[in-house]
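For reference, Swiss-Prot has these:
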type    : residues                                                   : note
REGION  : 1-23                                                       : region 'Disordered'
REGION  : 292-295                                                    : region 'Aspartate'
BINDING : R314, T315, D316, R322, H323, L324, G540, L541, E542, R543 : ATP binding site
BINDING : R314, S475, R479                                           : L-aspartate binding site
Amino acid sequence: MSEENNHKEKSKNEIKKEKKKIEKEKKITELKSKKKINEKNNTINYDDDDDNDDDNFKNKKWGEINNENYKEIIKNRFVKEWSNISDLNESCVGKYVLIRARVSNIRSFGNSLCFLQLRDGLSSIQAVISKNDENNSKSMIHFINSTITKESIIDIEAILTNSSTPIESCIIKNLELKIYSLFLQSKSNSSLPLQFDDLSKPTTYQNYDDNGYTYVIPLNSRLNNRCLDLRTFYNLSIFKIQSAISNLFRDQLLINDFIEIHSPKIIKQSINENSFKLNYFNEIAYLSESTQFYRQLAIVSDFKRVFEIGPVYRTDLGHTHRHLNEFTSLDFEMTFKDHYHEVLDFLDNLMISIFKILETNYENELKIINNYQLQFEKFKFSTKTPRFTFSEVKLMLIEFSENENNKFCMELFDYLNVQEERIFGKIVKEKFNVDYYIIEKPSSEYQPFYIMPDSNNEKLLNSFHIYINGEKIGSGSQRIHDWKLLEKRYKNYYINHNNNNNNNNNNNNNNNNNNNNNNIENYINIFKFGCSQHAGCSIGLERLVMAYLGLENIRKASFCPRDPTRLTP
């Protein structure tokens, strides 16, 4: 009898448990049904009351992403496709989007309201979360206030809405995001050596510290914290343009049947005795200062048209605004039929095509740089580039000197110093209203021996320099392809060079001269197998970017610059 009663009580307990289970499943089903999601256009109607979150859902709307929960978080997203902030526009209003962005700023009003300024690429937008929003809770806002820091990276699902007032602190001013879910993807240290807002202010802008004193973030401080400095829209724009220039250079050459080569940067011999030396398996080697020898070797090998984009190394000790010890060189070499101007014309057209595409396709980046630099002037060029001979340049400088009562260039020198280059750039801008021009036919006295002399005047060379805003960004020349003439020119150069340095005739110099003679002999020998007429050019990428954008220092155009005092980062 007792066993029968126990059986009945057990059955009652099982029935109660089963009933509770059914009720719980029903409640869960009801909660799920309240989320009316339209998969087609990513819209959602959420009917829950505020703070009525069930344990099954609360932890899925906010939190930190880790290796254990990220699969579950991905699974529970109702927006499946990622968007960029730059993709958001009026046509997206009312739709839910999934975005990963960096937090630039946080403005919180207790646990009831919070504004996040988010940025991604070259765009930014405001996101808002309020406890009055039926999708949110105080707990979610508390998580943001207690956990999210500036420069952290977050993933959000949010609905795009029109903002009631323009948001001046963001790139997108007329739209904002109302957050539905938020997950911390990567947390930044709360103590930052430099703030994004300070880094984003113009270099001439005087920032105020807590004591009211003005200060400007020095370039060295920026370079010491390069990963923070590079995050600014200004720097991102610079390197997007730098990337575009190198890609356009490559694309245009490939279209014109050039072959890209990759020459060694560790070499056995160096013409310049001041090249960087290194121990190469107990043998002295050098870092390459130029790819010219290998480009000419390719021409001798009948490649006809070659180019290379790569690093070169110089041991310049000067701490100037335009010199680096490692930089990227845009180089090409090509044969021609009758005159080296065929190569110069090709280069000129190449540069003009790059300028045109930058002007058209990178208007936003140029505008950002313009706003940052304050004194930025739009780059100007002509489809008919002004070309000047060296003697014409000197005469124009003398005329300018006389008009300005300035005697800095009253004599005809065989080179242009930095002051003369800048002044001539201003003369060209005033007379021709362009920033880009070419100077050719320099005197042979201070130029390399391998450049072909002018057939009408051996004291002049078939050589040219490219200028932007008074800065020399590159140079090129017709090379001597006749080994006998090359040998003769070298002997004359060698004699003159020794006469100019006759006070340094010690044993070490004699050894260096012997090594240089061996290097030159190896260079001359490749032309004994026959070589086509050819010319080439080298352009410093960082120098080009600096001059084109009007940057005051070449280090701003280098991702991580190397100069005599900097080996990091």
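Placement of Cβ uses the backbone N, Cα and C atoms for every residue, glycine included.
Everything Swiss-Prot records as a feature, shown here on the structure.
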{"residue": "R314", "record": "ATP binding site", "DSSP class": "coil"}
{"residue": "H323", "record": "ATP binding site", "DSSP class": "coil"}
{"residue": "S475", "record": "L-aspartate binding site", "DSSP class": "strand"}
{"residue": "G540", "record": "ATP binding site", "DSSP class": "strand"}
*asked:* Measuring Cα to Cα, how far is S475 (L-aspartate binding site) from G540 (ATP binding site) in Å?
replied: 9
*How many whole Å apart are the CA atoms of R479 (L-aspartate binding site) and H323 (ATP binding site)?*
26
*Could you tell me the maximum Cα-Cα distance in Å between the residues recorded as binding ATP, namely R314, T315, D316, R322, H323, L324, G540, L541, E542, R543, rounded to a whole number?*
18
*asked:* Just to confirm: which same-chain residues, 6+ apart in sequence, have a Cβ under 8 Å from the Cβ of D316 (ATP binding site)?
replied: H323, N325, P564
*Got a sec? Which of these binding-site residues, R314, H323, R479, has the most Cβ atoms within 10 Å?*
R479
*If you average the pLDDT over the region 'Aspartate' (292-295), what number do you get?*
96
